Amino acid sequence: MSTLFISDIHLCSDRPDMTAALVRFLERDAPGADALYVLGDLFEFWIGDDDPNPLHHAIADAFAALRQRGVSIYFIHGNRDFLLGRQFAKRSGMTLLADPCVIDLYGERVLLSHGDLLCTLDLGYQKLRRITQLKWLRWLFLRLPLTRRLAIACKMRGQSQMENVQKSQTIMDVTPAAVDALLRQHGCQLLIHGHTHRPAIHDFTLDGQPARRIVLGDWFEQGSVLVCSPGEQRLEQRTLPSLNPAGAHESDNL
């Protein structure tokens, strides 16, 4: 009995090793789970469900195959794939969730989020995030030609990379006050999120009670998976195929 959490895979055509690692994970490891939660940034960017990119079809098929094996799949949008829509979700067998959302994890209320909404010190990013949440702007963008959408996405991606180089690590991380406030708002003591690419389990005290924040890692150099079972949360590392064709993985108990 286990539930799996992943995020920040950032799939793109330039990194077939990451695609192979995810597909292998979906085929070999995930079928034994009760459920799989993908907490955003599954793709490096997403310009619409109508994008004919073969990578998208392959990933949708891999998730659909997992769903057919009885594993429930849930998805929270990230800042890279916030335009991923119901068409792709339906084909993949995914259920789309709001950000944040509360789930029942083996009898415990657990708060899930991609995590970017907690980086409150990054004022420029939070302003951009509010703009990208505008429904009318999304509607307009999705009606542009695919080539135009791709050009805009590539430009924004490049600008983001340049800006992040100049930002301090503190600004790009979540703020403790935002974490505390969100947990209080939803009546939870456990938060699971991604976005920052800093996998760790943080134990702290919230209003006199033990609390925990679990951060998922990215899949740039190795896969990061959170395995939860009744009474236990464990972060695991999965080796990418190009580094270890045998498909071994290492576990870190934190």
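Just so it is clear, glycine is given a Cβ too, placed from its N, Cα and C backbone atoms.
Per Swiss-Prot, these features apply:
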type: BINDING; residues: Asp8, His10, Asp41, His197; note: Mn(2+) 1 binding site
type: BINDING; residues: Asp41, Asn79, His114, His195; note: Mn(2+) 2 binding site
type: BINDING; residues: Asn79, Arg80, Asp122, Ser160, Asn164, Lys167, His195; note: substrate binding site
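Here the features listed in Swiss-Prot are placed on the structure.
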| residue | record | Cβ within 10 Å |
| --- | --- | --- |
| Asp8 | Mn(2+) 1 binding site | 24 |
| His10 | Mn(2+) 1 binding site | 19 |
| Asp41 | Mn(2+) 1 binding site | 29 |
| Asn79 | Mn(2+) 2 binding site | 19 |
| Arg80 | substrate binding site | 26 |
| His114 | Mn(2+) 2 binding site | 25 |
| Asp122 | substrate binding site | 21 |
| Ser160 | substrate binding site | 14 |
| His195 | Mn(2+) 2 binding site | 26 |
| His197 | Mn(2+) 1 binding site | 18 |
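Rounded to a whole value, the Cα-Cα separation of His114 (Mn(2+) 2 binding site) and His197 (Mn(2+) 1 binding site) is 11 Å. Between the C-alpha atoms of Asp8 (Mn(2+) 1 binding site) and Ser160 (substrate binding site), the distance comes to 16 Å. The closest partner of His195 (Mn(2+) 2 binding site) among the binding-site residues, by CA position, is Asp41; the full candidate set was His10, Asp41, Asp122.
Calculated from their C-alpha atoms, the gap between Asp41 (Mn(2+) 1 binding site) and Ser160 (substrate binding site) amounts to 15 Å. Other than the site residues Asp41, Asn79, His114, His195, same-chain residues with C-beta atoms no more than 8 angstroms from the centre of those residues' C-beta atoms, the Mn(2+) 2 site, are Ser7, Asp8, Leu39, Gly40, His77, Gly78, Arg80, Gly115, Asp116, Gly194. Each residue in Ser7, Ile9, Gly40, Gly78, Arg80, Gly194, His195, Asp218, Trp219, Phe220 lies on the same chain as Asp8, His10, Asp41, His197 and has a C-beta within 8 Å of the C-beta centroid of that Mn(2+) 1 site, without being one of the site residues. Each residue contributes its Cα atom, and for Ser160 (substrate binding site) and His197 (Mn(2+) 1 binding site) those atoms are 16 Å apart. In sequence order, the binding-site residues near Asn79 (Mn(2+) 2 binding site) (Cα within 10 Å of its Cα) amount to none of His10, Asp122, His197.
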